[in-house]
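J.: Shown below is the structure under consideration.
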Amino acid sequence: MRIPLIAGNWKMNKSVTEARQFIDAVQGQLPQADVIETAVAAPALFLQTMLDANAEGTLRVAAETCYYEDEGAYTGETSPRALHEMGIPYTIVGHSERRRYFNETDDVINRKVQAVFRNGMTPILCCDETMGRRTAGEKIHWVVNQVSAALKGVSAEDAAKIVVAYEPSWAIGSGTSASSDQAEEGCYLIRQTLADIYSDDLANGVRVLYGGSVKPDNIAGLMAKSNVDGVLAGGSSLDETSFIQLANYQNL
């Protein structure tokens, strides 16, 4: 059984004080983790504060990125080893904004995936799709290649634990979500790619999320799809009330 995962990605938003206020506001308002798992990826500056404030909570505190080396002369980077020692369970890898603004290549993303696994955490691997590639009919080739490249050299034992997010960049921050059918199509394609690389059994156990303008008013339709196991929400995860609604989508 795949436990739904409702995850937020704050990107470069909020202050330490606001992060603590968010944790306080959602306490007792989220489902139990064995029913619906919830997580928020936050800037590295806030992680320890959030972990401390959330000591008794069900919310998972996640990282937005990390480097592929555990330590060394890499000014400004975040060590995956340090994240693990802090108690961070998830790290986002391969978000379209990291690919676009920081020139992260498939090779870099693959090395980051392996670093996250090496340090006992779980990657939330993001797969991008541009509108140009969708209209040009290159969607399948593009998404398959991203998944395959990110998992190069990753064992089946590790791959079975990964979370993959289908995030069409034409929907991110646009206010226009993919339709539930489009989300299902993308998530199904990712699952089939995992089956081709590893096995049907492994693919059927991996959680695949949808991300891109997810809101309380469209999450129920997305979560009704058989291959959509959760969401990776951006803007709607910044507001406490909105995030609580996302997490409790079954009541909407």
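Including glycine, each Cβ sits where the backbone N, Cα and C put it.
Not my notes, these are from Swiss-Prot:
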- HIS95: active site, electrophile (ACT_SITE)
- GLU167: active site, proton acceptor (ACT_SITE)
- ASN9, TRP10, LYS11, GLY173, SER213, GLY234, GLY235: substrate binding site (BINDING)
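Neighbours and distances for these, please.
T.: HIS95 (active site, electrophile): 29 other CB atoms within 10 A of its CB, across all protein chains.
Taken residue by residue with DSSP, GLU167 (active site, proton acceptor) is part of a strand. The number of other CB atoms found within 10 A of the CB of GLU167 (active site, proton acceptor), across every protein chain shown, is 25.
Sequence-distant neighbours of ASN9 (substrate binding site) (same chain, 6+ apart, CB under 8 A from its CB) are VAL40, ALA41, GLU64, ILE92, HIS95, GLY211, LEU232, ALA233, GLY234, SER237.
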J.: Please compare the binding-site residues GLY234, GLY235 by how many other CB atoms fall within 10 Å of each one's CB, and tell me which has the fewest.
T.: GLY235
J.: Which three-state DSSP class does TRP10 (substrate binding site) fall into?
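T.: For TRP10 (substrate binding site) - judged by DSSP and reduced to three states - the answer is coil.
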J.: Check SER213 (substrate binding site) against DSSP and tell me helix, strand or coil, would you?
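T.: Once the DSSP labels are grouped into three classes, SER213 (substrate binding site) ends up as coil.
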J.: To the nearest whole angstrom, what is the C-alpha distance linking LYS11 (substrate binding site) and GLU167 (active site, proton acceptor)?
T.: 15
